[in-house]
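Visitor: Among the features that Swiss-Prot reports, active site, proton donor is placed at His115, with the record citing sequence analysis. Feature annotation from Swiss-Prot assigns active site, proton acceptor to His179; the stated evidence is sequence analysis.
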Amino acid sequence: MTIKLKCLSHTPLRGLNDPAPEVIAEVDAVLARARADVEAFDPELIVIFAPDHYNGLFYDLMPPFVIATAAKSVGDYMTLPGPLSVERDLALELARFILDHDVDISLSHRLQVDHGCTQTLEELTGSLTRYPVIPIIINSVAPPFAPYRRIRRLGEVVGQFIATLDKRVLVLGTGGLSHEPPVPLLEGAPEAIGEFLICGRNPTPEARAARQERTIAAGKIYGTELSAQTPLNAEWDQAFIDLLLDARLDAVDDFSIEEISKEAGRSTHEVRTWVAAFAALAAARGGYSAHRDYYRPINEWIAGYGVMSAEPR
């Protein structure tokens, strides 16, 4: 078994509300290097930890985390639509392994995924189908949330499973860092919004377009006095990156969900995917060497935008 890790932010506003050209050029260069790394590694399996943004998972049944044996992209925000090349039998085997190790993961045989999963696959592989993949979706936007220690434990068990494989495995985490887009909360929501959050699958093209326009509008004023959203917090982001660089993964056990939401934004909890990915790497091969490939707070994209890579020592 050989394993590598990439963790990176995603943003639905890429190409829709862009920052200055020099910032885009920086990000493009970083992603080009990451793609080259993936190409050279040529993974035989990708395990991706990703969030959902009320496109596949809703409050009618909201699991803290779910593994998919089949997945299809909804194609939101300029991402590719269509099926992912999910390794069904191996995903089932992984689900059984996780359950046998006392982590109560949910299972989906027909999961819809959104840009939170697919944008990173596109950016690193150019496709949704180039490599076999196992998606694991971690609830990161719909409170109440599982504590961070459970996310770390999930990653550890996935890493233990990966260690049994005779494959080149790429582990991906996608989301964060600090950010707060206009994602509604169920508590106190008007009836129509509450109904969407409970069972809003398969919206009309008009409804999806309206949702996209609201996000674009939020991006145009994000970080200014006109925005009601929690601003980006570069200090929090850098401290989180340092934690991963130093392999202090057990420190996340003390993370306060309420404090993170207040200090860095409610959607910052997408960093759970990074926690799971690094925990998987550490459990699969022990110590690791990590690299801060890029970080920049980008208001136009509503993202503390970061990229990290890691491999066993």
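We number each residue from 1, going along the chain as drawn.
The backbone N, Cα and C atoms fix where each Cβ goes, glycine too.
Just so it is clear, the model here is predicted, and its values are computed rather than measured.
Give me the structural setting of these features: burial, nearby parts and distances.
Guide: Counting Cβ atoms from all protein chains shown, His115 (active site, proton donor) has 26 others lying within 10 Å of its own Cβ.
Secondary structure at His179 (active site, proton acceptor), as computed by DSSP, is coil.
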Visitor: C-alpha of His179 (active site, proton acceptor) to C-alpha of His115 (active site, proton donor): distance in Å?
Guide: 16
